[in-house]
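According to TrEMBL, the features are:
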{"type": "COMPBIAS", "residues": "1-13", "note": "compositional bias 'Polar residues'"}
{"type": "REGION", "residues": "1-28", "note": "region 'Disordered'"}
{"type": "COMPBIAS", "residues": "18-28", "note": "compositional bias 'Low complexity'"}
{"type": "DOMAIN", "residues": "31-133", "note": "domain 'Bacterial Ig-like'"}
{"type": "DOMAIN", "residues": "136-204", "note": "domain 'Bacterial Ig-like'"}
Amino acid sequence: TPVSISVGANTFTDPVGNDNTASNTDTATVDTVNPTVVVALDRDTFDDHHNTSAVTFTFSEVPSGFDAGDITVTGGLISGLTQDLAGDPSGKTYTATFTASDNSTTPVSISVGANTFTDPVGNDNTASNTDTATVDTVNPTVVVALDRDTFDDHHNTSAVTFTFSEVPSGFDAGDITVTGGLISGLTQDLAGDPSGKTYTATFT
């Protein structure tokens, strides 16, 4: 709301009783509104094949002094922060790329703290929302173990166990490289390991 200050006519007198005329009206502009920013990731989950996302910073006013150092990030890194004048000629949108940390399950968290940039007249910003996402960029592992370490004509078969760090998807006999014999009967051993992380087979 603009400032307006004046004195009306006939509100006071001089020493001999003459009423005053109205004063001028002095005015001023006011902007005490703190600018805001909303953070939005394009993805809400990250894995080893989908480990990057655009992140958008949408401001209520054109920011002054906003840079990558104003962004608080966990679970990865921000790069390529740019004012998106092509997408938003008003200058109130910035975009960047978020890359999730490798070999990590640390959740993503991105925010902008209070008092890190100003609007054009110098008002400090309020804190943004915190946008979050889940991360699993940990590569699964598997350990192969034969029950026998020697074979002869009377002992030519052995159980073989495949123990996974996580429940595998898409694992089958075609994924196993074998020399000196054959693998048969590959089965997920839910009886022995209800978690689903163990497979067994027979080597001949």
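The backbone N, Cα and C atoms fix where each Cβ goes, glycine too.
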**Intrachain neighbours beyond the compositional bias 'Polar residues' (1-13), with Cβ under 8 angstroms and 6 or more residues off its ends** = 19-30
**Asked** In the compositional bias 'Low complexity' (18-28), how many residues does DSSP assign to helix, to strand and to coil?
**Response** 0 helix, 4 strand, 7 coil
**Message:** If we skip the immediate neighbours and take only residues 6+ beyond the ends of the compositional bias 'Low complexity' (18-28), which ones have a Cβ under 8 Å from one of its Cβ atoms?
**Reply:** 2-12
**Message:** For the domain 'Bacterial Ig-like' (136-204), how many residues does DSSP put in helix, in strand and in coil?
**Reply:** 3 helix, 25 strand, 41 coil
